[in-house]
Structures are given as C-alpha cells and as structure tokens.
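Chemist: Found this in TrEMBL, in case it helps:
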- B:31-49: transmembrane segment (TRANSMEM)
- B:86-109: transmembrane segment (TRANSMEM)
- B:130-157: transmembrane segment (TRANSMEM)
- B:169-195: transmembrane segment (TRANSMEM)
- B:207-232: transmembrane segment (TRANSMEM)
- B:252-272: transmembrane segment (TRANSMEM)
C-alpha cells in the first residue's frame, strides 16, 4: 500500500492558491525531503497531510485512509510549525497525557514521555514549564512528542530550524536511527541536511510540485563534484573534458566543478584526477561522489 | 496498520474531560479563580442568603410579598422546607449561568491560538476534543455548584441540625436543575470560544449575543406575537419561570435547556469539523 498519495490536490485561501493540482505518490522507506522557497506551500501540504486543514479539491490518502482519520491515530505524527504546548503545565505531564491519549496506561505513558525526552536530550528539563524553555528546547520537545509510540509516518516541518549545530546533528541522527521502521517526510531549507538524510526530494514552488528527484545514483551515468582550494578552474575543466568516459563538465563556481561521467567501478577517473592535481600542484578540498542537492535541484 | 494500542473514543473523551478538570484545580490561574469564586459565594451565603432566609421564616414577610405580587406569583418560594435553599435557588439560577459565560470562555481559544490542538488532533478525533472539553467544563461547574450547595447545607445545619434530610434533598434538586440550566450556556461558550481568538473575546461575543438576541426577541414578540416561540431559542429563557418552582417540579423546564444544548452541540460539532486548526 502506498504511504501517501495526492491526486489533484489544491488548497485555496480566498483567492490565493497555496497549492495547485498536486499529484504525488510516495512509498515507505528512506526519509523524503520537501523543499521549496518560502511561501511555496510546504507547510500547507504538511497541514493537509496531518488533517489540520481540508483540501479545496482533490484527494489525499495516507496508507489508504483520509488524513485525520481515526485509523491514522498513532500511525501518523508530526512536528507542526508554530505549535506550542500549554505554558502552564510541565513538559512531562503534557507528554504523559499525550501517551495516555495514544492508549498507554499512566505508567507506560510517563515512561514513554521520559524516553522521548531522553532522545532529544531534554531529560533534565522534564519538570520545566514550556514557557521557561528556549526556542530550540521547545522545538526539541515538539520533536519528542512526534516520536512517541511507534509511528509509521512522521512529518517534520523544519525540524532543525533554530537549533544549535550539536542538537541539529542529534535530530538528524535520530531520524537516521529510526528510518528503518518509520518513514520521515522532512521539510527544510537546509539542503545539505536533506542531502545527508533523504533519498527522495520533492520540490515545491508557487504551490506546484516542480520536481521529484531521486538522490540515488543513476545506473548509467554518475556525477563527481570537485571542490578545489588552489587551482586554475578553467584549465582544470578543459583537462577533465579531455579524459575518457566524460559526458559533461560544468563549472559551478570559482572553486567547484561538476563532472558527469559514465558509471565506472574502478576509480579510474578519481585516480586520473589525483594525478592531474599532482602534475599541476593543485590542492583540492573535497571530491564528492554525486551532486549536491542544490546542484541537482537548481542546475539548468 | 496500527503499530501501537489505540485508545477508544470514549476513553479519549473522558481523558480530555478529566484532564480539563485537573487543569482547573491544579494550576495557579485555576486556583486563584477558585479562591475568588469561594470568597464571592461566602459573601452571598453569609449576607443575602442567610439574611433573606431569616425574613422568609417570618409570616409577616410572606403576607407582604403576597400582597405586592399576588398569592401565586412567588408562592412556591415560601413552600421550600429549607428557607436558605429558597434564596440560594433564586440567586444560583441567575449567578451560575453568568459565571458560566466567563469560566467556560476558554474551552478552545487559547489552545487554538498557540496551536496545541495540532498535537491533540494527531492522537484523538476532533469529536473527542470537542465533547471532552465540553464535558470537562460541565464537571468543573458541577464541582463548583456542589461546593456551594455543601456550604449552604452546612449553613442550614448551624441553624437547625434537624433539617439535614430536607437540606440534602433540596440541595440535590437544586444541583440537578442548575446543572441542567448550565448546559446550553456551556455549549454556546464552546462554539464561541472556538470562533474567538481569546477567552476575553469569547466572553464579549457572549454578552453581545445575549444582549442583541434578547432585544431582537423582545421586538419580535411585540410585533409578531405568532413568533413568540422564538423566545425559547435563547439559553436561559426558562429561568424566570423556574424561580417559582421547586424540587422535581422544576424539572418540567429541563427539556428546554436540553434541546438547546443538543442543537448548539450539533452545530458546534459541524463547525469544528470544518474548521482549520
């Protein structure tokens, strides 16, 4: 059964179309990224998937059920944007209450609340009131509540926005660790982060699904991204073009070129590049298999 | 599909209602409101209720009232076995609904504003939230009502311990009748607090609703007597008629608030189901 299907989904706010005719079909598995500029409709799509709002037209189905269906309770969870807990009650008491609503008894619910707080490194803040937490801590509590129970689909709307690098890394690690049993759909502006986590990327722009890109390596052709420290980029790209098995070479910026080549398992290209660097005394910063998500999405 | 145990809708509704009750009596704001409520009722019981009940026990006062309003107008008030409950009845019938407008004004507005409902709707249906909150507010008001009735019974016992059974029976009938009278007020406030952005705004809407509806109904009644049934639409329309009743006979007016509650809750449910969170 498909994880998510959207058929001709549109959402209008008055005369403004937040989403127009979205058609997509997603399977369970590795995390899925949702990317797009501000106002592209990412949060609207998340809200529709969570059942917070209803589509103006079209059909949405999650595991065969309509969003908001009782059958999806405990199966779909989310980190909603701009949602906060009741400021007057401790974090652990509220998460325990959520656990009870999910069908756990009091003891199980409290244990589950403490487990997810431990996951996001907030055990020490369990007895604090939400109003005494920083923005980043509140975000981590909101992520914690999304991890309660054993959800099959977790929708995270900008999970690491506003988090310090250490905690952002921790959240990415949680997503990686849980990916075997849970499918995450993550909306973020941090392409580097999504690149590390996701196999599939959906690109929304002006309320329309512009691209659906797989980050998995192509069987026929492959990419190599070369970031140089000291080199003559023009000369380097000319030299690379003359190498065997090269399909295309693109100078991305002053320091970076992207090489498209026929797939080869023997590392001949990498060896040749290193020899070239040695010959000209060039220094490189990184040789990366594949293209960055930014390059994949925005290269013409 | 389900990966973890799912709670039944009824259990979830009850959990939400009981959480609402515990919220009211455990947080600082709730306790402060409870203290204010207790102080106000202490004043009401010590002055109007106690003083008036002393007058009511005097035959001369009864004759005076009957000569002013007629023999049947307030006859039932003097037939209460416990005079304190006769006065309490008159006050509670009007004061509790008024309280209701203010203490149930934040059934949804704050949570809606800060997005807390989004955490809940991923776990429970909107129906469970709506009816759970409504039930929770009725439980809170039931506790407050019970508190004032117990205080009245204690006051009666300090005057005459032999009235214990009568006071208990009067207290019971007052509780049932006032509780039923509060239902439509709480239901209307559920809808208004879902619509409003804050508890204050919901209370303002309520005041406007009752004032404007009252005036409109008055105008309609005077211009179109055939439409006088409209006066039964507004919650509280039966209160003035209930004053001169007592005990189980007051329950003959119960269908009015019960039907009003049902209608408002059905409308509120539809509105909530269609709303964005």
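Cβ coordinates are placed from backbone N, Cα and C, and glycine is handled just like the others.
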Chemist: Run the contact check on the transmembrane segment (B:169-195) against the transmembrane segment (B:31-49): 3 or more C-beta pairs under 8 Å, excluding pairs closer than 6 in sequence.
Modeler: no
Chemist: Does the transmembrane segment (B:31-49) reach the transmembrane segment (B:130-157), going by 3 or more CB pairs under 8 Å (6 or more apart in sequence)?
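Modeler: Counting Cβ pairs under 8 Å (6 or more apart in sequence), the transmembrane segment (B:31-49) reaches the transmembrane segment (B:130-157), since there are 3 or more.
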Chemist: Rank B:86-109, B:207-232, B:252-272 by Cβ pairs under 8 Å to the transmembrane segment (B:130-157) and hand me the top one.
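Modeler: Out of the listed stretches, B:86-109 contacts the transmembrane segment (B:130-157) most.
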